[in-house]
C-alpha cells in the first residue's frame, strides 16, 4: 500500500526512448519503496503538477545542438514564461538524471538548462542531479544503476516507509501499470477477427496518430550500386491536403515514419507465448483503465493487430524486460541467468549478450523458452514501436507535386540498416526492413517533425552559405539548396561533400553538376577511398581557407550534417583555426566567431 504523502512524479523528455525506459524503471523503484509514483512525458503535465507530489524526478536527454527533446518543448516553453515569479516553485523538491554524450559539444545541455531554470524559480534539489555519459565505460546503463542505487539509499535513510512496511523485494512482481485482463476476459467471441494472410508484408492499416498525414509511397529507388556495401534509397511520398491544409516543410524538418512488424514474426511470437486461443479475439481497449502514451491504435483491436502495428518485439531488450521475463520462467536456470543480466555486477555480460550482439526481444524469448509472458501484461512488459525521423531531402518548388497542386512531394535519403554481429543471422533495422518491403503505392500515416534552425527563409538566402555534409547528411543540405534557389538573388553557395567512393556514393551528382555548370553552386568533394591518401571534408575546407574567411566576414551561414561528431568537430576546427591565425585582433575575432551562424544536424 502506498501512503498518501509519499508521492513521486517522474517526468521524462526522450527522443529515442532511453529516457522513457529509465523513467519507467524509476517509477517501479519508487513503488517498491511504497511511494505512489506517476510517470509521464514532460509535455503532458502543466507547471501546477510540480507542486503536488513530495518529490519530482526529471529524466531528460539532449538532442540536436543542446536542445530539449521533442516531447518536452511545450513544458519548456511554459517554464520559460517571463511572468513566472522567482519563487513560484519554492515548494518543489526535485532532481534530474541527464542522458548525454560527451563527444557532442553541448553535452547534457537539456538537463543543465532545466536545472538552471528550476533553480531560478525557487525549486530545491533533494539529491544531487546526475549527468550520464554515453562514453563512460559502462555507458548510460552503468550510470543509471549507480545513481538509482544512491537514490534508493537516500529514500531509505531520509524518507523511510511507515513502521511495518518493508520495501517490496525484487523477486515480487509489481501490479501492472496497464492491463488487458478485463478486455480479454470480456471478449466472449471465440473466433473473432479472421487472422490476416501470412503473406509476409506489413499491415496496411492506417494508424490513428495525432497530427498525422496520410502518405503514399511513389518512389523507392536505390542510389548505390547493387554490389555496394551500403543500400541507400531515395524514397518519395505524395502527401495530400489534410482538412484543406497542405503539408509545408522547411529545410531541417524531418518526416517521421512508423514501421510495422511482419506477419510471420508476429505468428512466431504468438506460437512461442501460446497465445493462439486469444490472438484474434476482438478486444475493446476502451475497457482498460489506462493505456500507454503514444499507443496509436483504434479502441477495437485484436492481440494480433497490436503485435503487427504497435509492439516492438524486434528491439534490444532492456534490463527491465529481462527482469520481467524472470518472473514468468518455469526453469530455475533460466530465471537465475535472466536475473544476473539485471544486476550491476553483471552489466558487462548484459552488454555482450544483448547490446553488442543486437539480440532482439523475440530472439531472447526463443532462447529462454521456459518464459511464457501473459498477454494481459502486453503493454506493461513490451516496448511500443517508435517513429523514426528522417531529414527531408527536398525543398522549395521541389516539394510541389508535378501534376496535382493538392499534394506535397516529400523525398527522403535513407541508408538501410543492415549489418552483422557475433550472431550468424544478419541484423536489419525494423524501419529499414519495413521500407525495403512495403509495396509501391502503399499508404501509411506519417508526421512532420519541425526542427528550429536559423538557416532558412528569404532573408537568410541572401547570405553566403557553406554547407558541409557526409553520407546521407546531404539530405537536409539538399533541401536547403532547393529553398535558396527559389529565392531572388541568393548568396553564394559552397557545398563540401564527403563519402567513400565517387562512383558509388556521390548522391544527386547530375543535379549538382548542373548547378555548377549554371554558376549557382560551388562543389568541393572528398571521397576518402578513391586514392591511397584518405581525403576528408576538413581537408577540403583547409584548402579553401581564404574563401571560408570571406564567408565569415560576409556574415555567412555554416551548416554541417552527417553521422559523425568527429567529422563535425574536425570541420569546425578547419573553419576556425585558419581564421584565428589571420585575424590578429583577439576581440574582433571573438566577436565575429560569437556571431557566426553555425548549425549542425548530427545523428
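Backbone N, Cα and C define each Cβ position, glycine as well.
What Swiss-Prot records for 8-152 is domain 'Flavodoxin-like'.
Per Swiss-Prot, the feature FMN binding site maps to 14-19, 61-64, 99-108, 134; the stated evidence is sequence analysis. Neighbour count (other Cβ atoms within 10 Å of the Cβ, all protein chains): 22 for residue 64 (FMN binding site).
What Swiss-Prot records for 210-457 is domain 'FAD-binding FR-type'.
What Swiss-Prot lists as FAD binding site is 358, 388, 389, 390, 391, 429, 430, 431, 432, 603. Within 10 Å of the C-beta of residue 430 (FAD binding site) there are 22 other C-beta atoms, taking all protein chains into account.
The NADP(+) binding site annotation in Swiss-Prot covers 472, 528, 529, 534, 535, 536, 537, 538, and the record cites sequence analysis as its basis. Residue 529 (NADP(+) binding site) is surrounded by 13 other CB atoms, counting those within 10 A of its CB over all protein chains shown.
According to DSSP, residue 472 (NADP(+) binding site) sits within a helical segment.
With DSSP states grouped into helix (H, G, I), strand (E, B) and coil, the domain 'Flavodoxin-like' (8-152) comes out at 59 helix, 35 strand, 51 coil. In the three-state DSSP reading, residue 391 (FAD binding site) counts as strand. Sequence-distant neighbours of residue 538 (NADP(+) binding site) (same chain, six or more apart, CB under 8 Å from its CB) are 567, 570, 571, 573, 574, listed in sequence order.
Computed over the domain 'Flavodoxin-like' (8-152), the whole-number mean pLDDT of the model equals 94. It is 13 Å from the Cα atom of residue 389 (FAD binding site) to that of residue 64 (FMN binding site).
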